[in-house]
């Protein structure tokens, strides 16, 4: 199969561009003809490796789910709905994905099978839910549930970005000012103080020593930071033991660990509730969710839970055997098992965790901003006193 980049025209005269795999340009033309497109030209392209691989954003997946749900509820056939989405897609990457999905459905695959060929864009939970919707004839309802889930994730991500943005800006600005002072201002003043033979206080001598070290070793320090930033993600991806320890550390951090724990559990509860309500068996849910929870410690716990449930234990007892799930989850699971409304119980768990995340983040932000201001203010005060104190002494002597 060859990957072709093509230009084609639809029945309205609109020119569309995309990429598609086909054995030959003739097969590509026939495939596009079945999709209502007239091929203008096509050229083979080579797949290139990229450091930053493109993938569908949450907003693009929300757009896909929302419009598919609306069109299918209106009675539009799936192929026509996907073709309409492709024509209205804003980004070329989404348009290319939809073209490939249409190609695969035209060749006989189901929607879930076609989506599963793009695991970077549609994870295992997404494809499992679509497959369940196809089997039960409830694809519009599944698309609506996926849209709501993606909308909550997008809202939570925006909330976390808002939390981090202000402290990061203050920290970066202050560190930049301190770096300029250490590398340029303090060395000049140090030479001036040495020329004048001044007796400097301890805090000024400490600042000069730090400045001398930074001036001498800043290329090595900067290279080390960049090397760590580039290699650590690769090591985490390649080494399972390091990745597991990294996820454990993230859960145990003093301030952000509890918030991260709540976010991970809220995501899992939402996935469990949504898949269970779609009719997916519990064993399949536990197996599928392992690759999508976003934390290897939780994944290991889910593997143990899956094994315990397979051995005949109740779901709540299997969850209670692990230490990662709080008592709230265990109680709600027991209630769900007793009432036969496990999906509703898990939906309540998701609500409680998301509420706790918002409250914890608000408390963290309230505590972090003054603490950050105190720390950075103290740093700036040390630099200012160390520099201005001796200068003030010189000016005082000159006045006398």
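From the backbone N, Cα and C atoms, a Cβ is placed for every residue, glycine too.
In TrEMBL, annotation is done automatically, which means it is predicted and not curated.
Looking up the ranges 197-216, 217-236, 237-256 in TrEMBL, the one annotated as transmembrane segment turns out to be 217-236. Residues of the same chain lying 6 or more positions beyond the ends of the transmembrane segment (217-236) and with a Cβ under 8 Å from any Cβ of it are 183, 242-243, 246. Broken down with DSSP, the domain 'Type II secretion system protein GspF' (71-187) shows 97 helix, 0 strand, 20 coil.
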